[in-house]
Every structure is written in C-alpha cells, then in structure tokens.
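Here TrEMBL flags 4-131, 178-244, 303-330 as coiled coil. Under the heading domain 'Kinesin motor', TrEMBL lists 344-667. Taken from TrEMBL, the feature ATP binding site applies to 427, 428, 429, 430, 431, 432, 433, 434. The region 'Disordered' annotation in TrEMBL covers 669-725. For 705-714, the entry in TrEMBL reads compositional bias 'Polar residues'. Look at TrEMBL and you will find 716-725 tagged as compositional bias 'Basic residues'.
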C-alpha cells in the first residue's frame, strides 16, 4: 500500500510537470491528440455512466415473465454490449493515456535539454553579432572620417585604393562569419527538430510507462487482497490454535488436580508407613550397636567352618591326586599296549604328487591307485600288471604334513614316557623323504612337529615332572659318521659301546645341544641342514647324498616320587635308493651311490635276519645299521615311512620300496621296555648317565669346509646354542 501511494504521488508530480512544460512550450500534435483522447474518454465515461444508470433503472423495475421478443430486453442486451465495448475502449484509452504521458515526459526532458543548448547557441550568436557590429561601426566611422578630410580627390582615391583591400578583407571575413552563424542556426534548427521528434517518442514512452504503472497497481491490489485473505486465514488458525491449547490446558489442569488429590491421599496413607519405618530404623540402630559382638561370633564360626572345609578339601585332593596318578599310569600302560599291539615296526606309505619335473607323456602317467574302502592298501601297475601291497597306513598325494604327523605322534608321546622311538624315511631319491621329515619353513615336517609336540607335552606336565630335551644331528656320508652340529663337520666319528655295561651305543665327540624353545629348534635345524651333503643327479636336483639322523633325548624326573626316565627319539632321513645307470652318477657321485646302496642293502640284510629270527643279526656290516641297532632291536618302538613316486618311469624303484616295506612290516621285535631310574633329589647326579656314556662336549677345533662343496654355517649360531655338559 505504501508503494502504491508513492507511485501515485510520483504520477501526480509527473502530470504536474507535464502540464507546466505544456504551458511553457505550447501545445504539440501529440498533446492535441492526447487532449482529444481525454475529451473522448470523458465523453465515453459520461455515456457509460448514463448506460449504467439506465441499467440500474431497468433492474429496479419489477420484472414480469420473460418475454423473448420484448423491445426492452433487446435494448437492455444492446446496452450491455455497448457498456462492455465502452469499458474496453476506456481501458484502451487509459493505456494510451499513460503511454502518452510517459512519452511527453521524455520529450519534455529532451526539449529542456535542447532549449538549454539553443540558449547557449543564441548567446554565442549574439556575442558574435555584437562583435561584428562593433567592427562594422568602427569601419563606418573610419570611412566617414576619411571622407571628411579635404585632400584632393586623386589623393583620396589613392587612399581608398590603399585602404579598401583591408576593408574588403574585413567585410569578407564578416560575411564568412555571418554565413557560418547562419549555418550554425540551421544546424540548431535541425537539432531542435530532432529534439521535437525525440519529445514525441518520449511522450509515447510516457504513455507506455503509465500503462505499466496501471498494471502494477492492479497486481499490487491483487497481492494486497491475497495478503488480506492470508492474514484472515492466519488469524482464524491462530484463534483455533488458541482455543485448542486452552482446551488442552483445561484437560491437563484437570489431570493435575486429580494427581494432586491422589498425592494428598498418598500422603495421608504414608504417615503410618513413615511411623513404621521410624520404628524399624530405631531397631536397626540398636542392632548396629550390637553388630561387633555378633560379627566376632560369626567370624569365629566361619573360621571354624572354613578350617573344617579346608581339611576336607585337602583330604579330597590327596585322594584325587592318588587316583590321578593311578589313572596316569594306567593310561600310559594302555597307550603303550596299543602301540605294541599295532606292531613294534609299523610301516606307512606316502605317495608324493606328480610335479612338472616328472615331465610329460606316457612315462609321467600315474601308476599308483588306492583302495577307497581300505586306507592300508596300495595298488601299483608295473609293466601292465597290477600289484597290491598291504601296509599299516597309506597316504595319498592329497594328504598334508599334519595328516602324516597325526599317525606318528603316539610314538612321540612314548618318548616322553621313557621309551626309545625311531622314525625313519625310506625310498628312492626324489620321492619326498626329506620333505616328509624336515618339510619347509611354512609347512614343517615330522622333525619340527615332533619337537613342538614334545615341548607342549612337557609344559602340560610341568606341575608334576621336570624335563630336559637335548638334540644331536649326524650324517653318514660314504660310510663315514660326521657331526652336523660340530665345529668341524668333516671329522670322522666312531660308534662305541657305553662302558657302563648297559649295552647301549653312543658316539664320542657328537655335539649335543639343549633346546628350550621352538626358536632353538629352528636354529639347530638350519645349522644342521647347511652342513648336510646334497648334489644334483638326473633323478633329483637336490638329492641327499647321506643318511641324516636327528637324535632327541628326553630326561624326566617325577617331582612327587623322584622317578627318573630317559627316552630317545631317532628321526632318520635315509639317502635315496637309486640305480646308478638311471641316476647318471659319475666319479665321486658314483662312489656316493655305491656306498648308499651298500648301506641300504645292509639294512635289508638286517631286516631279513630279524624277520627270520636268526641268532646273529649283521648290525655291524654298515655304520647305518650299527647306529640304528637300538632302534631295530627289542628295546625300541620303530616306524618306517616309505616314500614312493607315482609316475610310470619310476615303477621299478616303487616296486622295490614297497616290497622292502612289506618285509619290514613282518618283523616282530620284543616289547619295548621303559627305562625308569629310582632315586631322590639328593642322588640325582648318581642316577643319571655317567659322563663317559653321555655325549661329551666337543673340544675346540678348527672349522673346515666339507669336501663335497657344501659351505658350513658360521660359528655365531653355535655360540647362540651352548652345548650341554
């Protein structure tokens, strides 16, 4: 509304300005046309009012029944049409009037500018005319003065002739200036004409602006109406919200009053309860005063009950400990009986998977199959004929290292109980013996898993037993026994009988390390593996050229009874059996193969003698069989892992290995006795092995490299693992 009022004031001031300019400049064609339009508009308004009055009169007169052919109804329709036409003309005239006003305003402004410029030009022209008139007067005065003089005519004529060029020049200059001023006046008239045209266009623009102002006014009125409607609706919503809030407040107030009444009722009912609580509080105060005496009496009774309970628990613990030890002895007895019933020399077979080193074609075809119903049967297709063998257990190429170890871990437990255990791998070169026994860093074999199992069992029995575990590693290379953990691995060692009369064998000078963790085991394995002799052959790129022995000794003492046990675990990785012509061995490799085959042949002779129960068993025919005499005699639990290759080109070696395994399986040894030693803590040194029977600490010798070309481990690892005394 404020904006509309301001626009109306602006329009009124512009209309007054236009009327003033019109009064000053006089009427133009546009103004005359506008005046005519205004007169016509006024006439149309009067006629419209007259028509509206007549229409009201017609509406006021009581209407009878409609008559279609009545002259008044037709006249009324005509009047209505005429009224609508007049209204349309009035609207058009209003728009044109606003446009004309706007155009007049613009023309007026431009005319004012032109007038100012014209005034400036006229002033300049007047000044120039005044200057020229002064000069003309000066010229006339000069001529007059010259005429007034009396010299002879001839002289005058000469004077005129002398001075007339200047006067002509001045006159010509005046005429030129006059011509220039006339041109400027013509130009100003042209500019004035252009300004009049611009004034006309400004009048037209004024009319257009007035039409827009009228449209804006209508929009403002409509917006004002909408705003009033919205305000009215908001007012209604506000009133309705107030009424609803008032109703809710009344309901809530009523609920508050009801709650207040309930609280008052509760207060009235709580007073008796408060009195009761007061009485209880007073009673508790009296009890608190007498609580120390009651507490002392209760403590005395509780102490007596706890002492009685402790005595009962101690008696029960003693009974349970006695039963536990009896069950432990029974478990060991049953476990050893189970191993004995399975056979003192158990034989398991493991078939390695086919690798890319086996090549392609018919020679690399699979020649080994398995019985789906019996995991102790293996079938071999040799020269087109199927041959079957029955062993204690057969592992397919899909079997993992853990699967193989689960079959042998029962024997590992027997070592802790004080029995001699031997596990050795047999088979042709490249069949996977070293992988089964040693494995890899990510997937260890029987050796490392056995020692890890020993450590776990020792930790479980740490509350009742004290154990010490020592490890030695040796190899037999070309019938020479060498220490893999010694300072000089090339030194030859000999096998001797223990001088204590026990009939057991030992190796003087063999290094023995005491291990206390898995890290110590890894260091021992790594150091011993670097000193072992391996070479390249046609059958295996890294063929083991010696028999490797890992000797683990477990000594235990029962903390409650003083009983001492000593068990020995021999883990043997035999060198690969091979045919000289097939392996392509020459020179030193040929001598190595001959010694390997000789020692394996001696092992076969020992197995044959044991199988036929001969009185003399040729253990001394080979260093291998002589060192394994404890494992192959009646005081050991022995297991052989025969490794076979599944490819067709190795069926001859596979057949020989499986036949040898069947012969070994048929050997029956005597029961393996446990070797306990009775004693007490004070007589421990007298009950253990004498220093002559134990492996002595090797003397300090120069460390030389082996002749096979295998570099030895630096002495820093030996300094980390101190040999046991």
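Any Cβ shown, glycine's included, is placed from N, Cα and C.
Note that TrEMBL annotation is computational and uncurated.
For residue 431 (ATP binding site), the count of additional Cβ atoms within 10 Å of its Cβ stands at 27 [all protein chains shown]. If you look at the coiled coil (303-330), the same-chain residues 6 or more away from its ends with a CB under 8 A from one of its CBs are 560.
Shown in sequence order, 350, 352, 643 are the residues of the chain, 6+ apart in sequence, with a C-beta less than 8 angstroms from the C-beta of residue 432 (ATP binding site).
For residue 428 (ATP binding site), the number of other Cβ atoms no farther than 10 Å from its own Cβ, over all displayed protein chains, is 25.
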